[in-house]
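Beneath this line is the structure, given in structure tokens, with notes to follow.
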Amino acid sequence: MNDLNERKTFALTTPLYYVNDIPHIGSAYTTIVADVMARWQRLQGNSVLLITGTDEHGQKIERTAAAKGLNPQEHCDRIATSFANLWAKLHIQYDRFSRTTAPRHQAIVNEFFERVWEKGDIYLDRQQGWYCVACEEFKEKRELLDNGCCPIHTNLAAEWRDEENYFFRLSKYQTQLEQFYQEQPDFIQPESRRNEVLNFVNQGLQDFSISRVNVAWGFPIPHDGQHTIYVWFDALLGYVTALLDPEDEPTLENALAKWWPIDLHLIGKDILRFHAIYWPAMLMSAGLPLPKRVFGHGFLTKDGRKMGKSLGNTLDPFDLVDRYGADAVRYYFVKEIELGQDGDFQETRFVNILNADLANDLGNLLNRTLGMVKKYCQNIPPQLTGVDIPNDNRLKNMGINLGGIVEQKYDALQFNQACEEILALIRASNKFIDESAPWSLFKQKQQAAVEQVLYAVLESVRLSAYLLSPIIPTLSSKIYQQLGFVIDFNTFRSEDGEDPPDGVSFSQHCQWGLPTNPQLGTPEPIFSKLELPLNDS
Ligand code: MSP
């Protein structure tokens, strides 16, 4: 936790999503994870910029719009809106929504292109090869399946291309990149992805084409109107354009002034090569500092199977949020999947986990404890603080270490482990109540002991809610309000330069042992048990 005067900046990105279709669960997953990290950084008192947006040029989008009989811009506008709508539904607190068709983005792309051109890193040559339009990427023949499709888009055959393109001299940066990976071992995470990249680079890097002649939907190459800029060369720079303040002139200097270099690019494993190899090489060529970290997460499957429209088993994120609520969806994907590993969605499992963790372990704990405060303490929470609780109290012991442990987990993007640590305190609290039996203590007229038990449990619930707030902000806000605190984690942002409205600093909220609020909110169940749809088992 920082002193507000030495606020660190933390800029992070989701990929800029293709607008060939409305958002799918994969895009929702990356964005949820990014939002969790952004919220955590804000809780730490850092000044945060979360960038998301849409990647709108290229052949894939051009063809999709044409198939719908729409002008490409009109198509992009519609789909970009659906992304913004989903992010609102999921309570994503993004700061910038970067669209690659924005005019100011073109200014940034042109300036960047000029730099690389001046460096002598762009040349005209013949491009021959197999192109997957869905990936917007050339593939080696050996990478394709027997049916001629790439392994990600198994229903769309790669197309043969033979045309003149401008190329970027990636090969020139072979040694510089290798050196960079060595000097910055944390640049690519997790370790398995880093190894993938190192193996690929070891095989020798080849220049790649950065223009197209048969794609009208893109920015023209500054020196040659016959070509448009390759969608990936344009899209990666969308991260830079996003850094401009609304009133800034669109120049590289302005864009890079405050937030550059980006602290974290969160992406899926399929687009690792672009972010971990092409992107740093492009930046080296333009003489710019490199991003600090690229984290490649795994892929989601449904009921153990790859998801896809043609397979008829997609998982609609809008529908999921409508049926179960944003916090439920956020919690499942963050807690159930180790970031970096592939993960599965199974609806029965989804419902069971939410009911067990949030409705039973957390929700019931709060509810029954508040019930006891009403019954045994005239609804006035015990006026104690952490120092009034003996040092051998189990919850105090766990609670005072929890903030530090969870901080390490969040910083390392081990969100599932952060959840497990917090759940351990919640489960221990349930056990502690059962074992200390405040109802018997009350009968025995041991009021001080009753109050210590109830304080220790309520304080553990409070701390758990605080530490879970990046993941389940609405539930955490409800818990906080019932405990008499006034923070709404969906509206209050620490980077606004203030402490929470209750006057207690963020670093204190992060520790076990806060004084209780004399006035409780109205107790209500925070999370109703979920039901499985009738056709599911
Ligand atoms: N437009 C490029 C990114 C350019 S960034 C400068 C792109 N867009 S995408 O919409 O196709 O993919 C966006 C993200 O969704 C990627 O990180 C990808 O890994 C992720 N996912 C797509 N399907 C997925 C799953 N089934 N599971 C998890 N994430 C997946 O690539």
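Each residue, glycine too, has its Cβ placed from N, Cα and C.
Predicted, not measured: the structure shown is a model, and the values here were computed from it.
Per-residue pLDDT, averaged across the motif ''HIGH' region' (17-27), gives 95. The feature motif ''HIGH' region' is assigned by TrEMBL to 17-27.
Look at TrEMBL and you will find 19-127 tagged as domain 'tRNA synthetases class I catalytic'.
Among the features that TrEMBL reports, Zn(2+) binding site is placed at CYS132, CYS135, CYS150, HIS153. Other Cβ atoms within 10 Å of the Cβ of CYS135 (Zn(2+) binding site) number 19 in total over all chains.
Look at TrEMBL and you will find 145-370 tagged as domain 'Methionyl/Leucyl tRNA synthetase'.
According to TrEMBL, the feature motif ''KMSKS' region' maps to 306-310. Cβ atoms under 8 Å from those of the motif ''KMSKS' region' (306-310) belong to residues 24-26, 154-155, 299-300 of the same chain, restricted to positions at least 6 beyond its ends.
Break the domain 'Methionyl-tRNA synthetase anticodon-binding' (407-484) down by DSSP state and the numbers are 65 helix, 0 strand, 13 coil. TrEMBL lists 407-484 with the feature domain 'Methionyl-tRNA synthetase anticodon-binding'.
Taking a C-beta cut-off of under 8 angstroms and a sequence separation of 6 or more, HIS153 (Zn(2+) binding site) has the following same-chain neighbours: CYS132, ALA134, CYS135. What surrounds the Zn(2+) site, by Cβ distance within 8 Å of the Cβ centroid and not counting CYS132, CYS135, CYS150, HIS153, is the set VAL133, ALA134, GLU137, LYS139, CYS149, PRO151, ILE152, LEU156, ALA158 from the same chain. According to its DSSP assignment, CYS132 (Zn(2+) binding site) is in a strand. Residues 52-56, 58, 60-61, 64, 75-76, 79-80, 82-83, 86, 268, 299-300, 307, 314-318, 320, 345 of the same chain sit 6 or more residues outside the motif ''HIGH' region' (17-27) yet have a Cβ under 8 Å from a Cβ within it. For the domain 'tRNA synthetases class I catalytic' (19-127), the number of residues in each DSSP class (helix H, G, I; strand E, B; coil) is 62 helix, 19 strand, 28 coil. A coil conformation is recorded for HIS153 (Zn(2+) binding site) in the three-state DSSP classification, outside any helix or strand.
The helix, strand and coil residue counts that DSSP assigns across the motif ''KMSKS' region' (306-310) are 0 helix, 1 strand, 4 coil.
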